[in-house]
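S.K.: Quick paste of what Swiss-Prot says about this protein:
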type    : residues               : note
BINDING : 74, 76, 238, 312       : Zn(2+) binding site
BINDING : 74, 76, 238, 312       : Fe(3+) binding site
BINDING : 83, 146, 176, 241, 317 : 4-imidazolone-5-propanoate binding site
BINDING : 146, 314, 316          : N-formimidoyl-L-glutamate binding site
């Protein structure tokens, strides 16, 4: 048995275990002058330092605040190529349609990714995942979705599988961009070939579909997600990024883990999420990078929804390599309070991935936690441009 008593905790701050909805997202537990006992990578006890159980191994954290490790529920961390020319063109006023016509946009990323080996994709993704972890993300979801064909999608997921030896990763098969021709045959192939293969090889725990006018229709999304559920996979949906066409309502009907983006969500979508068990995942890095309207985080919480926050790390719309930064942006751009943002980036983000064993500092939870530079946990939401995270601990081990 491996046991350590962590002391020197000015504030131990945590939401309760499990998904938090509405006003409950603001209800954090704060223990001052605290201690935490970790046994075999799992939290065994938390409380006042003066009441701490005896232990032969004591680690003094030095009088700083401790919070749960962050969970990033939405990334596209595996890609090849770059979008630097697109970025310069866009900020110079070039329309996206013209960028696509020049050979840029998402299809340039798809071409570069499809041309890359598994080994090359691993090497490209590793420093991105290291940056996320350094920012406080102890668990990270990674999607496929940049493959020009099914073989490229498989290589992306195989790269994630290799990287799972180094990081806590949750792999998702993303059905992202419809082909320019033969859509019906493509959707049929996804349902009858790609999803069964991914499920049989255990390369993903969930299937996500981009449901938008420019992507997959509601009916196509329904067909794909039904196939995923038939093969024992969880389901998620990208919806309401540009227009609300019914993807959110479909996700709630199907019991999806989460609906992600939601920048264009209106009252009907907010009410559907509030009445469901589906997590509303908002992505403020997209708002920052593209200058688009923010998702209605404040309205979602006030309606009683469970809100999570992710980076949406990707080369086109959110080149954001910090989970702490998007926590801070959720406060500034989406109207969350700091306690709500902490809940959104921990227990609710874990719930959006189907995880129940992490996100809170409580007995029985994985000992994933952050020691900050500050003695006040609110620096996590306050600081911009530098990391307030001093140490990252996964299963009781500093990484």
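Cβ from N, Cα, C; glycine included.
Remember, predicted model here, so these are calculated numbers, not experimental data.
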S.K.: What is the set of residues, excluding 74, 76, 238, 312, whose C-beta falls within 8 angstroms of the centroid of the C-beta atoms at the Fe(3+) site?
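M.R.: Neighbours found: 75, 143, 174, 260, 261, 283, 310, 313, 314, 318.
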S.K.: Here's one to test understanding: among the binding-site residues 74, 76, 312, 314, 316, whose C-alpha is closest in space to the C-alpha of residue 83 (4-imidazolone-5-propanoate binding site)?
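M.R.: With Cα distances computed to residue 83 (4-imidazolone-5-propanoate binding site), the winner among 74, 76, 312, 314, 316 is 316.
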S.K.: Check the DSSP secondary structure of residue 317 (4-imidazolone-5-propanoate binding site), expressed as helix, strand or coil.
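M.R.: Looking at the DSSP assignment, residue 317 (4-imidazolone-5-propanoate binding site) belongs to neither helix nor strand, so coil.
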S.K.: For residue 146 (4-imidazolone-5-propanoate binding site), which of the listed binding-site residues (74, 238, 312, 316) have their CA atom within 10 A of its CA?
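M.R.: Matched binding-site residues: none.
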S.K.: Would you say which of the binding-site residues 76, 83 has the most Cβ atoms within 10 Å of its own Cβ?
M.R.: 76
S.K.: Cα within 10 Å of residue 76 (Zn(2+) binding site) is the criterion; apply it to the binding-site residues 176, 241, 314 and give the hits in sequence order.
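M.R.: Taking 176, 241, 314 one by one, the ones whose Cα falls within 10 Å of residue 76 (Zn(2+) binding site) are 314.
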S.K.: Give me the Cα-Cα distance between residue 314 (N-formimidoyl-L-glutamate binding site) and residue 74 (Zn(2+) binding site), rounded to a whole Å.
M.R.: 10
S.K.: For residue 316 (N-formimidoyl-L-glutamate binding site) and residue 176 (4-imidazolone-5-propanoate binding site), what Cα-Cα distance in Å is obtained after rounding to a whole number?
M.R.: 14
S.K.: With an 8 Å cut-off on Cβ distance to the 146, 314, 316 Cβ center, who else from the chain surrounds the N-formimidoyl-L-glutamate site?
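M.R.: Surrounding the site, in chain order, are 76, 79, 83, 106, 109, 145, 315, 317.
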S.K.: Taking the residues 146, 314, 316 listed for N-formimidoyl-L-glutamate, what is the greatest CA to CA distance in Å, to the nearest whole number?
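M.R.: Looking at 146, 314, 316 as a set, their Cα atoms extend up to 12 Å apart.
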S.K.: Please identify, from the binding-site residues 241, 314, 317, the residue with the sparsest Cβ neighbourhood, meaning fewest other Cβ atoms within 10 angstroms.
M.R.: 317
